[in-house]
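A.B. asks: Below are the features I grabbed from TrEMBL:
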- H295: active site (ACT_SITE)
- 21-40: transmembrane segment (TRANSMEM)
- 52-74: transmembrane segment (TRANSMEM)
- 80-98: transmembrane segment (TRANSMEM)
- 163-181: transmembrane segment (TRANSMEM)
- 211-233: transmembrane segment (TRANSMEM)
- 282-302: transmembrane segment (TRANSMEM)
- 308-327: transmembrane segment (TRANSMEM)
- 339-359: transmembrane segment (TRANSMEM)
Amino acid sequence: LQYGLLIGSGFWRSSTSVRDWPLLMCCLSLPIFPLAAFLVEKLAQKNYMTEYVVVTLHIIITTASILYPVLVILRCDAAFLSGVTLMMFACIVWMKLVSYAHTNYDMRQLARSADEGENSEINYSYDVNIKSLAYFMVAPTLCYQLSYPRSASIRKGWLARQLIKLVIFTGLMGFIIEQYINPIVRSSQHPLKGDLLYGIERVLKLSVPNLYVWLCMFYCLFHIWLNILAEILRFGDREFYKDWWNAKTIDEYWRLWNMPVHKWMVRHIYFPCLRNGLPKGVAVLISFFISAVFHELCIAVPCRLFKFWAFLGIMFQIPLAILTNFLQNKFKSSNLGNMTFWCFFCIVGQPMCVLLYYHDVMNRNGGSS
């Protein structure tokens, strides 16, 4: 009623312009890094190199897999959405490569202990083959295994319905962004400068459409897209999320909302820290730190702006988790912790990040869109 219909055809073309082609080529060339990791593991299985060399090569490969897209995005003037997409793919490839190297390292250690007579009654032999790696790289999981549970067949009718839902809800996200979020953001001022009450009003006004977009994003990614991918690959483990909306503490939310990343963090960061004698608090801090770094990369690199708002937002979850745990313990069988989570994380936190990055990018560009 206030602005008229704002969404136009230009919105759908903005992420497919010629300037985005270098990012597409970079995305299509990312399989080079899993292939390099496979060659390293194949040589390691045949004992052609020492364990120190294997670990060094894996560090080089995983580091290059994340630095290569960063350099491409920073050198090319591409759309923000294209940059975020490429960075998310790069982060997924990095996490999968870490899991692949870590799991194969553990399997080699088990195989060597069996050869030396320890646990000789158990067969720890394993095979490094390109087929299992290729399946893992496209499967909706971040933790490498030699085999996965598989479904019996592909449900074609169910798959078609999910694809239709994906198109509908992706369109709904685009409509909300163009019709409601963009006008609010463009008519706002920097939330940390100027009139405080006006800044609070803009944040609260932005919180409603932002929350709908975030819920649509969650539904499209975790419920529809990952299930579509799992159905096509007949991937049997469909636990991509749990009831995070009922979380009464912040740490409970992080354990429920993104199960692939949570399982990866537990397996490759949290438990290795504990096995090396670190306290649980330090292991949690390291896990949040790594998560904060990758959240910052996915936002700051496409914006070409390193203000560390996303990094600070994730690290702020630690004191917020302490607060919600205290509230939950003090007021048992209440929804106070859940209300605190929704208020700080969804209603205030995300709109604040949107406004902070928007105005910092505008200030960097001299106010030009």
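Along the chain as shown, the residues are counted starting at 1.
Backbone N, Cα and C define each Cβ position, glycine as well.
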A.B. asks: At a Cβ cut-off of 8 Å, and with pairs 6 or more apart in sequence only, do we get at least 3 pairs between the transmembrane segment (80-98) and the transmembrane segment (163-181), yes or no?
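C.D. replies: Contact absent: fewer than 3 Cβ pairs fall under 8 Å.
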A.B. asks: Please give me the CB contact count at 10 A for the residue listed as 'active site', counting all chains in the structure.
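C.D. replies: Result for the residue listed as 'active site': 18 other Cβ atoms within 10 Å.
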